Amino acid sequence: MQIYLFNTLTQNKELFEPEDQTNVKMYVCGPTVYDNPHIGNSRSVVVYDLLYRILVDIFEAKSVKYVRNITDVDDKIIERAANLGISINELTDKVTKEFHTNMKYLFCLPPTIEPKATQHIDVMIEIIEKLIKSGHAYIADDHVYFDVLLAPNYTELSNRKLEDMFESVRVENSKTKKHPQDFVLWKPAKPDEDVHMNFKSPWGLGRPGWHIECSAMSYKYLGKNFDIHGGGADLIFPHHTNEIAQSKCAFSNSTYAKYWVHNGFLTVNGEKMSKSLGNFITVRDLMDKQIKGEIVRLFLLTAHYRRPLDYNDKAIEDAKKTLDYWYRAIQNINIQKIDTLPSDFMQSLFDDMNSPLAIKIINDYAKAIFTATNEEEKQFNASNLIACANFIGLMNETPHEWFNKDVDENYINNLINERLEAKKQKNWGLADQIRNKLLNEKIILEDKPNGTTIWRKE
């Protein structure tokens with residue numbers, strides 16, 4: 001099978017043809033580690049985790065290099081550390097650890113390489129020096145700026161007019177810039193800043209601009225040309241636009257990334273997520289609410305990755321009900337490992353990662369189990385269900401673990417025995433009272449014809 005991806009650069013869905021099938025290269029913008037990741041950040045990670053799984057299936061793990069960076073030098077980091085009264089290293093270490101915990105919770109595979117910006121300052125300086133030498137960058141008032149007007153096809157990714165692009169974002173104006181749109185490659189240290197956030201350079205003590213960081217790390221591990229660059233749609237301009245400009249100007253014959261993939265925005269109850277609106281939801285918030293990671297992952301895959309996605313309680317509850325349905329479908333069935341995943345399921349994912357269609361196909365297997373007339377039919381559908389769900393990072397537990405985790409089985413069994421004894425004594429009121437008590441605790445009882453009682457979580 002062949003995979004098709006929507007390329008933001010060409011505005012077309014294209015057949016993915018890597019430069020080298022034995023060395024498929026993908027770079028994805030990772031987190032800026034100044035605060036705990038929110039649910040919107042997580043959508044991006046889950047989307048490119050799915051793409052990574054697809055690429056590995058086609059080209060094998062040894063042939064796919066997935067680079068996702070950690071931005072650990074940034075103005076937001078300096079401000080946040082100062083507000084908390086802790087060192088920058090303490091903050092970035094803490095938030096990076098939290099990010100990794102969150103991604104494990106969401107069943108995301110680790111990237112092949114996860115470089116930190118602070119460990120690649122030398123590469124950034126090397127690229128900036130190239131840009132100065134070629135005339136694409138200039139020094140002004142201890143800053144180094146990139147001259148946007150000298151970049152060929154600067155607007156090719158956003159497909160917008162230059163003046164319109166800069167109306168949509170805040171441009172830091174400066175009398176030292178040649179043009180208001182020029183962006184910073186290197187900025188000087190401020191007297192009161194943490195020394196750990198500044199580095200020696202030919203232009204004095206300072207730190208890199210945001211955009212040069214990704215250009216440097218992608219070049220270090222993937223070279224001047226690579227296959228896929230991913231990130232959120234909010235990064236198209238200015239971040240990805242500026243990456244392309246500086247990288248193509250720094251390296252002759254560089255096309256930078258061939259395929260640009262961008263995921264859509266995530267809202268909360270129909271509104272943009274922001275701390276001022278009080279609807280800022282971190283992954284840690286969901287973990288603290290005891291919402292299982294699989295539920296959140298399924299929710300994040302329910303909409304096509306390029307479409308907007310709205311977070312709300314009903315959407316999370318619907319994802320939980322879907323997983324409950326799938327786990328209930330495979331209960332007490334002997335699952336067989338299958339060598340080849342169903343072609344319609346794989347085709348849905350190979351068609352620009354159509355995860356909603358893939359989820360529908362999994363759901364159809366669950367329905368088929370409940371309507372099956374023999375064990376062989378049940379086993380066939382259950383084996384396909386679990387294989388497909390596993391492929392997209394779901395159903396990582398047994399049905400027993402899913403329904404009974406964090407449940408006191410002894411407590412429930414004791415109440416069931418009390419109820420059975422009450423029924424023997426014809427104390428129907430007590431029997432109903434026990435059933436209702438467990439029902440209020442989301443435990444459903446089912447009386448069997450042989451006189452026994454089984455239970456499950458709602």
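Placement of Cβ uses the backbone N, Cα and C atoms for every residue, glycine included.
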| field | Per Swiss-Prot, member of C29, C388 binding Zn(2+) alongside C214, H239, E243 | value | C29
| note | Of the ranges 97-101, 272-276, 422-426, the one Swiss-Prot annotates as motif ''KMSKS' region' is 272-276
| said: motif ''HIGH' region' per Swiss-Prot: which of the ranges 31-41, 174-184, 372-382 is that? | reply: 31-41
| said: With an 8 Å cut-off on Cβ distance to the C29, C214, H239, E243 Cβ center, who else from the chain surrounds the Zn(2+) site? | reply: W210, H211, E213, S215, H229, G231, L235, H240, N242
| query | Between the binding-site residues C214, H239, E243, where is the Cβ count within 10 Å the lowest? | reply | H239
| query | Helix, strand or coil at C29 (Zn(2+) binding site), per DSSP? | reply | coil
| task | Taking the Cβ of C29 (Zn(2+) binding site) as the reference point, list residues of the same chain whose Cβ is under 8 angstroms away and which are at least six residues distant in sequence. | result | S44, R68, N69, C214, G230, G231, G232, L235, H239
